[in-house]
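According to Swiss-Prot, the protein has these features:
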DOMAIN    1-285  domain 'UvrD-like helicase ATP-binding'
BINDING   GLY8, ARG9, SER10, GLY11, SER12, GLY13, LYS14, THR15  ATP binding site
DOMAIN    280-586  domain 'UvrD-like helicase C-terminal'
BINDING   CYS801, CYS1121, CYS1124, CYS1130  [4Fe-4S] cluster binding site
Amino acid sequence: MEIQFLAGRSGSGKTTAILEEIKEQLRLDPLGPPIIFLVPDQMTFLMEYELAKTSEAGGMIRAKVFSFTRLAWSILQQTGGANRQFVTSTGIQMLLRKVIEEQKDKFKVFKKASDKPGFVEQIEKTMAEFKRYCMLPEEIEKISVESMLSEYTEERRAAEKLHDLHVLYQQMEEHLQDEYVHSEDYLNLLAQQIPSAEEIKGAHIYIDGFYQFTPQQLLVIEQLLLHAAKVTAAFTVDQSYHDRQPNELDLFRMTGKTYFQLYQLAKECGADISETIFERNHRHLYTPDLAYLEHQYEQRPVQPYQENTPHLTVSKSASKRAEIEGVARDILDLVREKGLRLRDISVVARHVDDYKDTLKEVFRDYDIPFFIDGNESMQYHPLIELIRSSLDVIKGNWRYEAVFRCVKTEFLFPLEITKNKAREQADQLENYCIAYGVKGERWTNGSRFHYRRFQSLDEDFRQTDQEIEMEQMLNDVKEWITPPLYQLQKRLKNAQKVRDMVEAVYVFLEEIQVPDKLEKARLEAEEAGRLAEAMQHGQVWDAVIQLMDEFVDMLGDEELSFPLFQQMIDTGLASLKFALIPPSLDQVFIGSMDLSRMYQVKCMFIIGVNDGVIPARPSDESVLSEDDREWLKRAGAELAETGKERLLDEQFLIYQALSSPSHHLYLSYAASDAEGRSLLPSPLIKYCQELMPNHQQALYVLDPELLEDDEQLKFVANEHVSLSYTISQLQQWLNQYPISGVWWSVYNYLMTSPNRDVSKNIMSSLFFTNRAKPLKPNVTKELYGDHIQGSVSRMEKFNACAFSHFASHGLKLKDRQFYKLEAPDIGQLFHSALKHISDTLVEQKKDWKNLTKEDCVTYSRHAIEQLAPRLQKEILLSSNRHAYIKEKLQKILIRVSSILSEHAKVSGFSPVGLELGFGGQGPLPPFTFQLKNGCTMELVGRIDRVDKAEGSKGLFLRIVDYKSSEKGLDLAEVYYGLALQMLTYLDLTITYSKEWLGIEATPAGILYFHIHDPFIQAPIPLAEDEIEQEIFKKFKMKGLLLEDVEAVKLMDQTLESGRSQVIQAGLKKDGSFRSDSAVLSEDHFHILTQHVRRTFEEAGERITNGEVAINPYKLKDQTPCRFCSFKSICQFDESIEDNDFRVLTSEKDDVVIERIKKEGDQYANTKTE
């Protein structure tokens, strides 16, 4: 038995000495006794590479690099100690999930916390800690019982927590018993098997890279001391600690304590002990400033280094993004200008996760190959999401969200279909399911999905060929999804035991060819050079299969409910991690200060050197709090270090990082976080500035304009990055600011490079004004043809904003349809219901004015019942909530029909047309226009209601439009082309009255009828008839009426003097109109309708001439942008030059009419000329 201690500060050559010694032994005797190099997990690949890259290693037949875990696996395989089933942390977490559910009633503390996310993982880590520190369930129980009666509340609380941990620990051990081995028991078994391991006898063991050992690891080392020929152990310490432990505040407290522990163990074993002290700093022979920093770190008082300090750079950055971009630029400069290889450079953070996403994004932008050390979670891999979402589909009764989470993993796509085509078809199915509210048995009842692009409440249209083709495609895609998931659901429903449930999931994965699809994805990633991604695809299937195997091995014959099975599977999947090794040798290594191990690093960037980050504040994420640990320590239980001890050890981790690079050390910190909150630099920055006052300083910025030309040149990283910065600089130049000549050189290069078309296209953004140019004539013709057929509302849309019209009617863009009841649906229902009631009355030869209240109830309910199944894919029949809405809509319709009946009783007008169509198959012809540019335009549509009345002067016609919100007619909106419907309908019916009704007619007015169920507020209680009277007033129709007393009295035959309760008109005692009456002369109606015609003609010409301007109006506080669906496309922004509203002025009706008359006269004169 022999042990040699190698002691020395960082950079003194301990690891190099071990490697050289191993290489020498291999050279002298390639087939001699085994050489085992024992290092931490993070260091195995690095040391294997260092040994393998030398020719003297002879292929490493004799020497092997192991971590403790890999050594255990190797020895147990040789000695037969691996005959029991090993359970990984993933399997333990699944087991603990089951145990927690079973033992929840026994908990004193964990009852509420046990259902929180991450709880199982914390418990598993605590169990692992008990194992590593050789704590048995009996010991935990003993401490808990003894402290349960303590007079101190804190101790009793801690004892209750320990009670719950003992329950879980005991139950876990009972489940494992003699058949299984906890992964943390590897080292205990290893210690037991070392005496019979031939590989250890005569072997030379080298131990390096460890800062401390757990009791389990010390048990293994003890057996190695007893049975190996020699052990050599290297520690980063400033002196030998063979006879004393270091002071608590000593920089080398952690490693010195470990040195002392191992030395005492070696003495107890009776080993021959020798020590070699490495005193010279070999790493920094040519960088005396870094050597001084290494030697003087944490020495008090500070002795400043007065010499030049070219190898230490402290960089300040405005943000984390600016910091990482600055690091990327410096890395490229080191490679291009200083001749370093990427493998010579490392980036280190205290917590890599804080920077991981930014590092990935920036380094990919800058084309810097990198490897991030650490085990990344598998939870975002598509296979993990497939399993989770498929179980959620079953749990949630085939809800849309779960189904399409499953679909978007792309594992349900057939192998023979290209991914792009499959994605497009899956997206179309998703849109269909959202629009039709597909869920539950609609997926599984065997019926086909039916597709109709347009659906009317009044008529049934034949399904078009395009709709038939779309329907077939949707059902084909459905067949990718439903059969495998439905089979999984049936198998899980019939499963009796865990074994059957796991088998159901496995068969599901096999049926959809997951292994083949993963292999295909792996090969595609390899071919594209995405090696890390390829490795992930290779590992994830094995990890899932291992998880299933462990589940079956441990609990295969037990019966579980589906919810608990899903919880356990979910827990297991959440714990899976990728074990990646660097896919390439020449790449930047990115790691954390505490876990990563590096060797022969020339340049190191320590990022995120901010207050609270370096040194790190101890996190209290464990089940056991700091107080709990202190209490356990007093009770004689040895566990992992307390927060106070970890805080003391932070200085050693910082020291290790500072002393790692041989050529150059970069420290950087951010001045603000992502939200703009200010951040302070770490005390380490101030300390280094005091110790090394002549250090180099740098500023990492996102805008290079403040830097010297040579510094700005670093921003020219590659074409992609350079283009971005060039555009930014040229924008400054356009704003009359000077820029460096560097950017003109870059610009000239970009304009002549092979990718110049891309650069030119992006450069065009410099002259972006957010103005839409008119369409070319050939494009306009392709979009619209020579003949436009449209609606009045389409023309109103164009007059509101030409670009919005272009987006909806030119590009035919549409909002995604959702399965929900919206205002247009309700409006459509009311229109159709009122038509249905009117048609029924005609069939039954009844009149509105003869209806009783009971009739209104009957007809309204019947109309809603008939139309509800046809509205928005049967949405009113889909749920109890919508059934309630249907009842509310019936109530409103009953109220409205009752009011219409009351109106009819006092009116001389009666309906002559309901939902009256013009154009197409309608009884009225379309409005047609011959445009100046040779195109033609016709307007088609439907009129809600046309009423007629016989007067002494002939036939009167009026238009009534049903509205779900209160509406009046603003002549300013008519003038600007924003409200054209009612006057168009009136013009149309009057123009074609003879062809339609066989007699010329006179316009009587245009009125809006508000469909609603008003709520009456009164200062005093009202009688029922008074309430009805107030409600009746709320239905007064607004609009414009003919300035004719006879016509007005025909609308309200009760009107003699005073104000009408039916229309917006009133009469004085002398029979003339009151001033607040909304009346116009027949000439004025004619002037308005002629203006509307001219407005249509002008709009048609502008559309066919290709006008697509982004020109929304603003009238008072109204703008079309408020409810526009295309804001993200036009990107209208008042802060951009030339993006201004067309401000329209609102004027009194008589002023508007006078203006229209004047313009009409000018138009007539122009036509005459």
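Along the chain as shown, residues are numbered 1 onward.
Note that Cβ sites are derived from N, Cα and C of the backbone, with glycine treated the same way.
Since we're looking at a predicted model, the values are computed, not measured.
Feature annotations (Swiss-Prot) mapped to structure.
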| residue | record | Cβ neighbours (10 Å) |
| --- | --- | --- |
| GLY8 | ATP binding site | 22 |
| ARG9 | ATP binding site | 22 |
| GLY11 | ATP binding site | 24 |
| SER12 | ATP binding site | 23 |
| GLY13 | ATP binding site | 17 |
| LYS14 | ATP binding site | 24 |
| THR15 | ATP binding site | 23 |
| CYS801 | [4Fe-4S] cluster binding site | 25 |
| CYS1121 | [4Fe-4S] cluster binding site | 17 |
| CYS1130 | [4Fe-4S] cluster binding site | 22 |
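Taking the centroid of the Cβ atoms of CYS801, CYS1121, CYS1124, CYS1130 as the [4Fe-4S] cluster site, the other same-chain residues with Cβ within 8 Å of it are PHE803, SER804, ILE1110, PRO1112, THR1119, PRO1120, PHE1126, LYS1127, PHE1132. Other residues of the chain with a Cβ within 8 Å of the Cβ centroid of GLY8, ARG9, SER10, GLY11, SER12, GLY13, LYS14, THR15, the ATP site, are THR236, PHE278, ASN281, HIS282, ARG283. The Cα atom of SER12 (ATP binding site) lies nearest to that of CYS1130, taking the binding-site residues CYS801, CYS1124, CYS1130 as the candidates. Among the binding-site residues listed (CYS801, CYS1121, CYS1124, CYS1130), CYS1130 has its Cα nearest to the Cα of GLY11 (ATP binding site). Straight-line distance linking the Cα atoms of THR15 (ATP binding site) and CYS1130 ([4Fe-4S] cluster binding site), rounded to a whole number, equals 63 Å. A 10 Å cutoff on Cβ-Cβ distances gives CYS1124 ([4Fe-4S] cluster binding site) a total of 20 other Cβ atoms nearby, all chains included. Other C-beta atoms found within 10 angstroms of the C-beta of SER10 (ATP binding site) number 21, with every protein chain shown included.
Under DSSP, GLY8 (ATP binding site) is assigned to a strand (E or B) in the three-state scheme. Rounded to a whole number, the distance between the Cα atoms of CYS801 ([4Fe-4S] cluster binding site) and GLY8 (ATP binding site) is 78 Å. Nearest Cα neighbour of GLY13 (ATP binding site) among the listed binding-site residues (CYS801, CYS1121, CYS1124, CYS1130): CYS1130. Nearest neighbour of ARG9 (ATP binding site) by Cα distance, taken over the binding-site residues CYS801, CYS1121, CYS1130: CYS1130.
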